[in-house]
Amino acid sequence: MPSEHPFSDGISTPNPKETMNDTAQITASYGRRYIVRTPDGTTYEASTRKKRVDFACGDRVRISPVNAEQVVIEDFLPRQSLLYRQDAWKTKLIAANVTQLLIVTAAVPSPSVRLLQRALLAAEAAGIRAVIVLNKADLPETALWREKLKFYETLGYPVIETRALENAGSLRPALQGHSNILLGQSGMGKSTLTNALLGSQTARTGDISAALDSGKHTTTHARLYDLNGETQLIDSPGLQEFGLHHLQAADLPRYFPDFRHLVGQCRFHNCTHRAEPGCAFKAAAETRAASPERLAFLQGITDELPG
């Protein structure tokens with residue numbers, strides 16, 4: 001009798017060497033351990049060769065069988081996108097092949113403008129559509145934060161209000177047809193939103209959590225879910241910082257919707273947008289055609305980038 005795979009919902013698993021498709025998608029990542037799913041829906045525990053860690057949740061990969069329950073990831077297939085962060089010491093892959101980043105914020109606990117702005121820059125650099133989710137919108141503390149988010153709407157970033165303890169219905173139309181990732185600080189309600197969106201699928205997360213030695217729904221690693229045949233959702237761990245050392249200083253202005261139209265308009269081609277005469281960026285900030293705070297943010301990010 002074929003052995004029964006613990007993550008296949010009770011469906012028996014035939015001999016993998018006879019039936020396994022050699023491609024799969026990573027649906028959970030935890031260090032160098034992964035869960036992958038083949039096109040026929042079968043899931044396997046997966047490891048990598050030579051301690052490789054350059055794989056991300058959402059990656060489509062080539063695999064080789066080890067036994068009925070385990071495979072080895074050989075390499076990843078070409079990526080549509082890669083969202084990651086990098087500081088002076090290390091690079092952290094967040095997700096691959098996503099088409100939409102949903103930055104989950106809330107007035108409680110205290111939201112980070114710094115994290116929001118950095119995540120938006122990373123999305124712009126990766127060519128990923130960004131949406132801001134104002135969660136816990138029914139809290140009385142929300143009014144001030146809602147007002148601050150109006151600025152980002154003027155830059156072209158949609159702001160969607162949700163109440164995670166309800167059904168997250170306001171979010172569903174925006175997710176449709178995208179490979180989505182929820183990202184934000186700890187405590188903003190990402191996992192609660194995920195539960196609300198998944199409905200009956202939520203119970204399955206316990207098995208994957210057990211396989212990766214984590215709590216039932218404490219998000220310590222990224223996980224991918226299918227909302228329907230056209231829509232995927234990745235829930236990611238909470239974070240407090242978003243390093244941008246992978247960006248090039250010369251490219252930064254193009255990632256600012258409020259400044260990109262000024263690229264090439266300064267008097268000097270190597271303008272640092274600080275003290276040079278004829279700086280279009282400074283002129284825009286001085287006349288309030290652009291935000292002085294945003295120019296200061298651009299200057300600050302430029303200063304911290306290597307080289």
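We number each residue from 1, going along the chain as drawn.
Just so you know, glycine gets a Cβ as well, placed from its N, Cα and C.
From a predicted model like this one, the values you see are computed outputs, not experimental measurements.
Swiss-Prot has this to say about the protein:
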REGION    1-20  region 'Disordered'
COMPBIAS  10-20  compositional bias 'Polar residues'
DOMAIN    85-242  domain 'CP-type G'
BINDING   N135, K136, A137, D138, G184, Q185, S186, G187, M188, G189, K190, S191, T192  GTP binding site
BINDING   C266, C271, H273, C279  Zn(2+) binding site
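Structural mapping of features recorded in Swiss-Prot.
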| residue | record | contacts (Cβ under 8 Å, 6+ apart) |
| --- | --- | --- |
| A137 | GTP binding site | R146, E161, T162, R163 |
| G184 | GTP binding site | I103, V104, T105, L115, V133, K190, G238, L239 |
| S186 | GTP binding site | P237, G238, L239, Q240 |
| M188 | GTP binding site | V104, T105, A106, P109, P111, N135, K136, G238 |
| C266 | Zn(2+) binding site | H273, E276, G278, C279, A280, F281 |
| C271 | Zn(2+) binding site | G278, C279, F281 |
Look at each of the binding-site residues, K190, H273, and point out the one with the fewest other Cβ atoms around it within 10 Å.
-> H273
When each of the binding-site residues N135, T192, C279 is scored by other CB atoms within 10 A, the minimum falls on T192
Average the pLDDT scores across the domain 'CP-type G' (85-242) and report the rounded value.
-> 87
Using DSSP reduced to three states, classify G184 (GTP binding site) as helix, strand or coil.
-> coil
Note on Zn(2+): the CB centroid of C266, C271, H273, C279 has further same-chain residues inside 8 Å, namely R267, F268, T272, R274, E276, G278, A280, F281, K282
Which state, by DSSP, holds K190 (GTP binding site): helix, strand or coil?
-> helix
